[in-house]
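Colleague: Please find one structure pasted underneath; my questions will follow.
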Amino acid sequence: MSSALDDRAVAAPPNPPADHHTRGARFLLLLAVFLCAACGLVYELALTALGSYLIGNSVLQTSVVISVMVFAMGVGSLAAKPLRHRPVVAFAVVEGVLALVGGLSVLMLYAAFAWLQLYMPAMIVVSLVVGLLIGAEIPLLMTLLQRIRTQEASSAVADMFAVDYIGALVGGLCFPLFLLPTFGQLKGALVVGVVNAVAGVIVVVFIFRRQTGRLVKAGLLAGVALVLAALGTTYVLADDLEVTARQHMYADPIIHSETTQYQDIVVTRSTAFTGEPDVRLFLNGDLQFSSVDEYRYHESLVHPALSGPHSNVLIMGGGDGLALREVLRHEGVRHVTLVELDPAMTRLARTFEPLRKLNQGSLDDPRAKVVNADAFTWLREARQQYDAVIIDFPDPDSASLAKLYSVEFYDLLRRVLAPDGQVMVQSGSPFFAPKTYWSIAKTIETAGYATTEFQIDVPSFGNWGFVLARPGTEAPPLRLARDTPKLRYLDAAVLKAATVFPVDRRRTDVRPSTLMDPAVLEYVQDEWRDY
């Protein structure tokens, strides 16, 4: 008896309207399923990507968003059970609300981050609401599918989930390959919200128009029209809203900003206390340099590494062209390869006058070759050997960056490093993040290098550290090459003093970082949490 009751519970309504038993109606409903699935996955990806840009720690952001949304989807499915008696109206309302909340989700979270400093609580609430609404879609769509044509529950489930998964595939690919490059995060979410609203219109207007009373249908269509108007108005104002919110996060006027598929790029300009212009580059909110004192950082990063042979040089990272500028000052340099992940960064360094002026057009120097590729992947395929390697990656505050500070990465690097070559690695701050700094040094040593650690002061950064390394057991001397041009900051005395670490910042007991155990990611997230 229990089995019979269960079978009846999942069976389709016994008397589905005959006028809806058409292939066209079924196709349109499955199209709505496809659109809903694609939109749902895009919302999920948009939330995880935004969190990674604004907060970092992509693993945590992804885990929280997915966990909260999957939990909420289960709750939403249960909450939709009482609504199956009026599935057309319920589905239209769910789609309208989901279109509004999902479409505005990126803007709402960006505003919460910029003005309220409440990103994580807001992200959890938005993920919960979006998940509840997505979860309510499936049981309602299942009921509607059975009303079109009665079929076994297993067959209906198979059809529904097949289309659902295909829609998720398309949405997952569409987000990084089309929506982000074409519209950006904020406008992309708004466009997807419009698609979500269209899915509701398909059901109400084209499939079940005869089952919906005139007043109800008019009310639903009016609601959808309001949602579309809200999304459309926000789309028109999106650029101004984004600029206002973004400017609130930076002390100085923004002169350029763009969001690429890899990162958020912002350039600001103000007047320093000396009266000279202060141009600053930020990636995902983290300061990369100030034009007032960047020479201190880049002289320290480049010139000690070129104290040995330096005819053929490799730079990894440094898409702004400033490290390349310093390398090209050496007369002995014949060829430089710069590997930078984001083509938007190197394009900006070439064409945006404030950056081009700083890097002195280095990316267009005939001795320089720019390669836009993932450094880890490029290194696995590289065969040419280099006399010196300059590594200028951002701090390893995400899993994708932590792999570039791993034992495996430095193992690969040895394959392209000449036997007498040297490597310089920017390694963060020994003062603010000592465990991170010494973990990077230990990781390099674990990969078979001898190291020399040193630190400098960069006013816009504070204390900053580097690691000079070469294969073998003999630590490389910290010195300048004979053909070193006249420098503004470095000389022999400064380098000698730079190797002295105070007692409270000397080497500590830390783990090396590997792909399977990214210790440096753990350290950097812990030490930079309060800054």
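Positions of Cβ are set from backbone N, Cα and C atoms, glycine also.
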Colleague: From Glu299, Glu326, Glu331, Glu340, grab the residue that Swiss-Prot records in the same S-methyl-5'-thioadenosine site as Gln263, Asp374, Ala375.
Modeller: Glu340
Colleague: With pairs restricted to those 6 or more apart in sequence, evaluate whether the transmembrane segment (218-238) and the transmembrane segment (160-180) have 3+ C-beta pairs under 8 Å.
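Modeller: When sequence-distant Cβ pairs are counted, the transmembrane segment (160-180) does not touch the transmembrane segment (218-238), since fewer than 3 lie under 8 Å.
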Colleague: Within 8 Å of the centroid of the Cβ atoms of Gln263, Glu340, Asp374, Ala375, which other residues of that chain place their own Cβ, given that this set defines the recorded S-methyl-5'-thioadenosine site?
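Modeller: Near the S-methyl-5'-thioadenosine site, the remaining chain residues are Tyr262, Gly317, Gly319, Val339, Leu341, Asp342, Asn372, Ala373.
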Colleague: Below 8 angstroms Cβ to Cβ, which residues of this chain, lying six or more residues outside the transmembrane segment (188-208), approach it?
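Modeller: Same-chain contacts beyond the flanks: 20, 25, 28-29, 31-32, 35-36, 38-39, 42-43, 46, 88, 91-92, 94-96, 98-100, 102-107, 144, 147-148, 175, 179-180, 182, 217, 220-221, 224, 227-228, 231-232, 234-235, 238.
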Colleague: What whole-number Å value do you get for the CA-CA distance of Asp392 (active site, proton acceptor) and Asp320 (spermidine binding site)?
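Modeller: Counting only the Cα atoms, the answer is 10 Å.
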Colleague: How does the model score the region 'Spermidine synthase' (205-476) in terms of mean pLDDT?
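Modeller: PLDDT averaged over the stretch: 94.
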Colleague: If we skip the immediate neighbours and take only residues 6+ beyond the ends of the transmembrane segment (160-180), which ones have a Cβ under 8 Å from one of its Cβ atoms?
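Modeller: Those are 30, 33-42, 45-46, 49, 138, 141-142, 145, 188, 191-192, 259-261, in sequence order.
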Colleague: In this structure, which of the recorded positions Asp320, Glu340, Asp374, Asp392 has the fewest other Cβ atoms within 10 Å of its Cβ?
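Modeller: Relative to the other recorded positions in Asp320, Glu340, Asp374, Asp392, Asp374 has the fewest Cβ atoms within 10 Å.
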Colleague: Same chain, outside the transmembrane segment (122-142) by at least 6, Cβ under 8 Å from its Cβ: which residues?
Modeller: 29, 32-33, 36, 40, 43-44, 47, 51, 61, 64-65, 68-77, 79-81, 83-84, 87, 90-91, 94-95, 97-98, 101-102, 105, 108-109, 112-113, 116, 156-157, 160, 164
